[in-house]
Amino acid sequence: MDTSQVSVSSQAAQRQVRVQLTSKQEDIALPDNTGPILVPTGLKRYALSTLVNNLLGNDKPIPFEFLINGSFLRTSIDEYLTANGISAETTLEIEYVRALIPPLHIASFEHDDWVSSIDVLSTSSPASAGSDAIARGQERILSGSYDGFLRVWNMSSQVIATSPSPTDGGHISSIKAAKFISPSSIASAGLDRTVRLWKYTEAEDGFSGKIVPQVELYGHKSGINSLAVHASTNRILSASADHNVGFWSTKKSDAPAAPESLLPSAASRTSKRRKLNASVSVSQRGPLALLSGHTAPVSDAIFDARDSTVGYSVSWDHSLRTWDLVTAALVDTRTTSHSLLSLQHLPDHNLLATGTSARHITLIDPRASAATISAMTLRGHTNAVVSLARDPHSIYGLISGSHDGTCRIWDLRATKTDKGGAVGESVYSISRKSLEEEGKANSKRVGGEGVKVFSVCWDREVGIVSAGEDKRIQINRGEGVLSSS
């Protein structure tokens with residue numbers, strides 16, 4: 001090695017910097033009177049973790065991650081100082097958090113066909129807000145399948161209830177979206193172009209239940225790809241292949257009449273109710289509004305997480321659109337370079353996460369004052385990103401489901417900067433258990449063939465629930481996967 005290189009390396013090892021170690025998690029925080037500590041700039045994460053454990057006097061070491069200016073330290077302190085033009089004379093504020101806890105496989109529930117959509121009912125899920133009907137340990141999972149049936153499962157992988165057949169008020173084609181509205185009501189939609197509302201009841205013992213059709217909502221002229229529910233305002237958004245976003249009421253009395261041209265039979269045009277058989281009749285209603293503007297199939301639509309009068313939608317036309325749901329007016333359009341397939345609001349960061357056909361996730365600031373369209377790009381998937389969900393434990397966490405057969409967990413603090421701007425890499429990847437059971441855990445399926453993930457949900461009690469082409473619901477759980485600080 002060149003003597004000058006040896007000298008530079010030696011100087012880096014000998015350099016020191018004052019660091020102020022802090023944590024927002026009270027149970028691992030150092031005493032308030034802990035002042036700045038002089039440490040070698042050559043230290044990396046492992047050495048810093050050892051230092052903090054020694055200062056805390058831990059008998060059993062806790063693995064820590066370290067953040068400087070909101071980003072994880074992935075190099076030595078010296079390399080960080082050099083890359084960011086910071087003097088070693090500066091007192092460096094370093095925050096530490098518990099390191100990632102990998103989510104473990106808990107269970108898998110098998111279906112007869114592809115599972116397109118899942119939702120969870122738990123004490124913390126949106127559908128149970130204001131209700132004491134769900135107790136811890138009585139969580140339910142709702143699945144929608146390509147076989148046209150809804151199923152409600154308990155946590156022991158038992159099917160408690162199944163929706164009726166088409167002749168008894170069920171879907172007549174594949175289901176693409178299913179959501180709990182409340183502990184006693186469900187919404188679903190699919191390739192039969194209808195949004196359907198259901199009453200859900202359980203027997204007292206909790207081992208059996210019924211899914212009974214209540215209302216059929218007509219308005220779309222092509223299949224429906226996704227649903228979003230805002231229970232407290234009795235509203236639903238639907239994203240359809242007909243290029244429109246549907247805006248609906250879950251209250252039959254608030255909904256207008258169904259468009260006669262879209263009703264399934266000539267007989268129904270003379271009646272508000274369709275007689276299915278001697279015991280079943282289902283009300284038919286129309287949309288509050290159809291939001292027009294997209295020029296290609298709409299893949300996803302959601303409510304603003306903090307303002308239910310605002311909606312967002314994404315489409316194969318490469319655009320993200322913002323809607324005023326009070327006036328049904330288009331407010332803003334952000335155009336990207338790729339088809340957008342999934343959508344999730346990150347309100348604490350004023351960002352919308354959009355899954356793309358180009359295998360990455362683009363974070364977009366929807367505010368009119370935003371200078372650029374893309375605030376950050378998350379890279380790691382090898383096929384289309386079709387489902388997104390927020391981490392219920394951390395404002396920095398996000399999970400994605402992809403046609404590559406994996407779910408990836410992202411921490412918005414785990415970023416780096418390249419010529420294209422801020423780029424994030426996933427902190428954990430969850431593969432399909434079905435591959436492992438086939439003895440093919442390390443084999444790569446081209447494009448995720450046979451194991452494509454179609455839907456993912458992240459619930460505080462149940463964990464990470466995903467479903468897809470392998471005809472399974474898969475549950476993974478890790479307590480506090482990401483730090484919430």
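A Cβ is built for glycine as well, from the same backbone N, Cα and C atoms used for every other residue.
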**Prompt:** Given 198-224, 252-278, 387-413, which one carries Swiss-Prot's region 'Disordered' label?
**Reply:** 252-278
**Request:** Any chance you could find the range in 110-163, 170-208, 293-333, 335-374, 380-420 with the most Cβ pairs under 8 Å to the repeat 'WD 7' (448-485)?
**Result:** 380-420
**Request:** With a Cβ cut-off under 8 Å, give me the same-chain residues at least six positions beyond the ends of the repeat 'WD 2' (170-208) that come close to it.
**Result:** 116-121, 125, 127-128, 131, 133-134, 138, 140, 142-150, 152, 154, 158, 160-161, 163-164, 214-218, 220-229, 231, 236, 238, 240, 246, 248, 250, 262
**Other parts of the chain folded back onto the repeat 'WD 6' (380-420), taken as Cβ under 8 Å at six or more residues beyond its ends** = 67, 70-72, 74, 100, 103, 124, 299, 341-346, 348-349, 353, 355-357, 359-361, 363, 426-432, 435, 445, 447-448, 450-460, 464, 466, 468, 476, 480-484
**Request:** Determine how many residues of the repeat 'WD 1' (110-163) DSSP places in helix, in strand and in coil.
**Result:** 3 helix, 22 strand, 29 coil
